[in-house]
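For reference, the structure is listed below as structure tokens.
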């Protein structure tokens, strides 16, 4: 037997609170805890703006592209039952149904509970289920024609309307007896259910949901409004898509990879996005017109888009701040990226990166060096601006020789806790060799949860030319594979982060090889993520470039000691990239 809720896309939407005194009777909460929907003919709670906004968004939203699929499905039903030419337009149907809208169905009491200024619910076809209410009652109530309202006497009267009306979805919006009849007759496809997390006096309850038939399939964020928290859940009566079903070529079957997901999962995602802060969305709207190509890419699944999406989010929604350098930034706090090192080497392709410089700097760290001249002799200028006389003097390091960068990354990796004098001193066997220790743990105690390398030495911060940006990494071994997670406190999206992604990925490959493991995953956690003002225009260019497939990285398999690697032991294969983009470093 056909499921009419599926054919005609009939949903329920309701908000339920906890019932006062129920908490005292039972201390074991479950999905039935939230069941109160009315008291003395009105809502048990005072106006909740968040729930009202959600209700309006869900019941007003339409998707013209998805409607093609819905209409095709309904037409097939009509043809199958020889109804296509037999259904006449009901005289009660409003003329405005040529405009695609949703239908909302409610009982008489629910209609009467709506404030007059909101009647009828705008941009929706209002259907009232009542044996006693008459059309003239509605006209007289608001002194207008209320053409957007239809009165039916029974649930069965709804289906002739659904069969001959252009509509997107049909929502049952109350009250209790109406919900119950539709549920009892298996006429509800999904329930959009608001959980108002407070207790109120209630004399009307939502009917019990058959949890063998309906399962919770989506849960929203948690919100606060009118002195209570609330969230939104979706109960779904899931229907697997029949792979043999005839489907028109131009219809959309859903955004999820699993083929058994219904097409309207996309709508559910949109519903849950109802409360995006409009001011935030338009925060930096002066940049919005610059991302035509970026915005034309519908599914941004290439892993490089993790990085590009962060930049886009910061440029469009970031907070404008002054900063230490005087350049100024747009910034946001807290992101994460994951890269599968078993499949590719995440060397960004939307601009050409200086891979030799990345590797030389990493080898310099591994050797525990602090002498910037070593890098300059190799024409690697990453640290040049931080080693000048002016920069060191600004850090009150007047005694420090030019390009003596102090106890920075490599020194902390190899000599943590040792007393630093200058870049010429010999620190062999001084301090804690963290790098040696983590390699030993990976080899001999791989399940240890203390495989941590830390560059943030509070005692030494004032002695460093620049306190570390990427401050801590941890390693994880499972099934012969090594993963690394790195936390970065200060994240220069334009210049620094692309290098950091590549550097710690290479570092993971190197440690994996010397420990006889395979590289698995690099996870990058970003704290203060920022775009410098003088990088914005360059990054707009980068965002409008389409990523290429990532390259692969090959290491000399004969190297078994981390200190024995040289630049010639690294081969990047098939690095396809866009042109270099110049950006000035803010020092």
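Here the Cβ of each residue, glycine as well, is placed from N, Cα and C on the backbone.
From a predicted model like this one, the values you see are computed outputs, not experimental measurements.
Annotated substrate-binding residues in Swiss-Prot are 51, 173, 194, and among 61, 179, 200 the one listed with them is 179. Just one of 302, 470 is listed by Swiss-Prot for the same dUMP site as 324, 488, 489, 490, 491, 492, 500, 530, 531, 532, and that one is 470. A Cα-Cα distance of 42 Å separates residue 194 (substrate binding site) from residue 532 (dUMP binding site). Annotation for residue 179 (substrate binding site): spatial neighbours 12, 14, 172, 206, 207, criterion Cβ-Cβ under 8 Å with sequence separation of six or more.
Residue density at residue 181 (NADP(+) binding site): 16 other Cβ atoms are found within 10 A of its Cβ, drawing on all protein chains shown. Largest Cα to Cα distance within the recorded dUMP binders 324, 470, 488, 489, 490, 491, 492, 500, 530, 531, 532: about 21 Å as a whole number.
Long-range Cβ neighbours of residue 131 (NADP(+) binding site) (same chain, at least 6 residues apart, Cβ-Cβ under 8 Å): 153, 154. For residue 324 (dUMP binding site), the count of additional Cβ atoms within 10 Å of its Cβ stands at 9 [all protein chains shown]. Checked against residue 42 (NADP(+) binding site) by C-alpha proximity, the binding-site residues 173, 492, 530 yield 173 as the nearest.
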